[in-house]
Amino acid sequence: MPSMPEEPLLTPTPDRFCMFPIHYPQIWEMYKKAEASFWTAEEVDLSQDNRDWENSLNDGERHFIKHVLAFFAASDGIVLENLASRFMSDVQVSEARAFYGFQIAIENIHSEMYSLLLDTYIKDNKERDHLFRAIETIPCVAKKAQWAMKWIDGSQTFAERIIAFACVEGIFFSGSFCSIFWLKKRGLMPGLTFSNELISRDEGLHCDFACLLYTLLKTKLSEERVKSIVCDAVEIEREFVCDALPCALVGMNRDLMSQYIEFVADRLLGALGYGKVYGVTNPFDWMELISLQGKTNFFEKRVGDYQKASVMSSVNGNGAFDNHVFSLDEDF
């Protein structure tokens, strides 16, 4: 039986203890993007949200938001556990570990933000505890969480696990992000919708990073295996946001939401280097203004003016990485 080729990304080397020299400029550039876009929960103003929560939303909308936030609050903890217990020790390249270090920090901030939103909106202690324990108490959340957690154990290859967590961050969040942006179109819940902009941008970057690492692997999965993982995630997300927690509660069309999830999945497959499964167009043209892809308008139209000044100069300026400039001249 032929031996498997060595994976440079996963092979222990003393170089991992020192940041320079950079071996993967694309990974380094992703790290600098993550560094440039750091934010904190204190930057999000929730003062208007309480008024909207009490006076502008109906019971169905409140139910939807509560359960979406409950899923988000739990899922970030699962992503964190995978990063801390698996990916940080799997990957042996210092610039990739640097990215994961920032991802761990920002996932903690996402978790804090979602918990703060629930704490702000839900006054009843018993209901709030029920939502914070959604993995145990809410079946539709538990199903998504169980799918994500099964990829943390040691039985699958790194390639399979990185595809699965690209699905968690690229597909499992897509319907919920889209629904919250729908509320933004209506001018409701500015704190929730602003934090959603920040978090969806971050998750897009994390998904892009997973795709980049996958493309750098020497041994990739069969197209059939990748599509099996992606389509499984699509069905679970579709069930969650179309049936178990129907997007109709916030006035969105079920069939169009299902199509949107398929569109997101096809885009992910393309980023991984595979063909489309669904071949559908984006039914929500207004989502193109937001886009879950981390690269989209990242520096031109950053939301909330929170990109840290000068951080990208080492990549975009006259430094060591001139050949890897992130151009602002292209049309995204």
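Just so you know, glycine gets a Cβ as well, placed from its N, Cα and C.
Annotated in Swiss-Prot:
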type	residues	note
ACT_SITE	Tyr114	active site
BINDING	Asp76, Glu107, His110	Fe cation 1 binding site
BINDING	Glu107, Glu169, Glu203, His206	Fe cation 2 binding site
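Residues near His110 (Fe cation 1 binding site) in space but far in sequence (CB under 8 A, at least 6 apart, same chain), listed by position: Phe72, Asp76, Ile199, Asp202.
Looking at Glu107 (Fe cation 1 binding site) and Tyr114 (active site), their Cα atoms lie 11 Å from each other. The Cβ neighbour count for Tyr114 (active site), using a 10 Å radius over every protein chain in view, is 26. The CA atom of His206 (Fe cation 2 binding site) is located 18 Å away from the CA atom of Tyr114 (active site). Rounded to the nearest whole angstrom, the C-alpha distance between Tyr114 (active site) and Glu203 (Fe cation 2 binding site) is 14. Taking the Cβ of Glu169 (Fe cation 2 binding site) as centre and 10 Å as the limit, one finds 26 other Cβ atoms among all the protein chains shown. Neighbour density for Glu107 (Fe cation 1 binding site): within 10 A of its CB lie 26 other CB atoms from the protein chains shown. Within 8 A of the CB centroid of the Fe cation 2 site residues Glu107, Glu169, Glu203, His206, the other residues of that chain are Asp76, Val79, Gln103, Ile106, His110, Val168, Phe173, Asp202, Leu205, Cys207. For His206 (Fe cation 2 binding site), the count of additional Cβ atoms within 10 Å of its Cβ stands at 27 [all protein chains shown].
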